[in-house]
Amino acid sequence: MKILVATKNKGKAKEFQSMFENLGVEILSLNYIEGSPDVEETGVTFEENAILKAETISNQMNIPVIADDSGLEINALEGRPGVYSARYAGIHKSDEDNMKKVLEELQDVEDNNRDAQFVCALAFARPQKETLVVKGECKGQILREKRGSEGFGYDPIFFLPQLNRSMAELAKEEKNKISHRAIALEKLKKLINEEDLLWEKP
Ligand SMILES: O=c1nc[nH]c2c1ncn2[C@H]1C[C@H](O)[C@@H](COP(=O)(O)OP(=O)(O)OP(=O)(O)O)O1
Ligand SMILES: [Mg+2]
């Protein structure tokens with residue numbers, strides 16, 4: 001079976017591929033589809049943007065589609081960068097630029113006030129069916145400098161106290177057990193299972 005994930009983010013696509021591997025599901029991302037449009041993320045919540053991305057592509061292609069809208073919420077910054085995580089330092093800026101901006105903004109913030117969470121909303125849109133939406137979170141703290149080289153995005157500056165490592169110091173199998181994305185995906189799988197059970201009733 002193949003599932004389309006409506007993302008152009010290669011880091012995300014890899015993680016979905018890895019999380020679906022044991023189920024024998026192949027993940028395709030929008031990078032495989034020529035001329036697929038950038039869906040504008042006009043929502044103000046992760047859920048809204050995930051629904052927007054999933055439903056737009058599902059309607060266009062008439063197939064089931066999963067979309068992921070995710071980001072980093074930092075308590076000392078009142079939840080920023082939040083839904084603007086991908087474009088925090090500007091539209092054409094890189095993960096490096098985004099991390100640099102966060103580290104600069106937190107320069108004078110004490111160690112005990114650097115709590116943050118990664119958030120992931122997943123939407124599963126299908127032709128003629130209601131869209132399923134779930135959310136997962138992963139709590140940690142913002143480091144003062146980058147650590148590790150795995151993962152993507154803000155992983156190098158995100159510290160997991162219980163593991164005493166940054167997210168970028170985890171092997172992908174480890175990250176894919178505890179991440180906001182993994183937690184959301186578990187919830188989505190449960191919802192799909194429950195739905196199937198409902199349909200099977202006489
Ligand atoms: O596990 C993660 N580890 C580190 N950083 C992460 C993670 N998950 C999301 N993030 C960051 C990356 C990006 O700055 C933003 C997502 O933005 P978001 O709009 O959902 O994705 P995107 O624009 O890169 O790709 P797309 O919209 O095509 O799925 O949050
Ligand atoms: Mg995006």
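Each Cβ is built from the backbone N, Cα and C atoms, and glycine gets one as well.
All annotation found in TrEMBL is predicted automatically rather than curated by experts.
Annotation for Asn9 (substrate binding site): same-chain Cβ neighbours under 8 Å, separated by at least 6 residues, are Ser29, Asp68, Ala86, Phe152. DSSP gives Asn9 (substrate binding site) a coil state; it is part of no helix or strand. Under the heading substrate binding site, TrEMBL lists Thr7, Lys8, Asn9, Lys10, Gly11, Lys12, Ser70, Phe152, Gly153, Tyr154, Asp155, Lys175, His180, Arg181.
In the shown protein chains, 27 other C-beta atoms lie within 10 A of the C-beta of Asp69 (Mg(2+) binding site). Per TrEMBL, the feature Mg(2+) binding site maps to Glu40, Asp69.
Sequence annotations record features per position, and here TrEMBL assigns active site, proton acceptor to Asp69.
Per TrEMBL, coiled coil is recorded for 92-119.
Rounded to a whole number, the distance between the Cα atoms of Asp69 (Mg(2+) binding site) and Thr7 (substrate binding site) is 9 Å. When the binding-site residues Gly11, Gly153 are scored by other C-beta atoms within 10 Å, Gly153 scores highest.
The candidate set comprises the binding-site residues Glu40, Asp155. Of these, Asp155 has the most other Cβ atoms within 10 Å. Spacing of Glu40 (Mg(2+) binding site) relative to Gly153 (substrate binding site) is 20 Å (Cα to Cα, whole number). A sphere of 10 angstroms centred on the C-beta of His180 (substrate binding site) encloses 23 other C-beta atoms.
Mean pLDDT, taken over the coiled coil (92-119), works out to 97 on the 0 to 100 scale.
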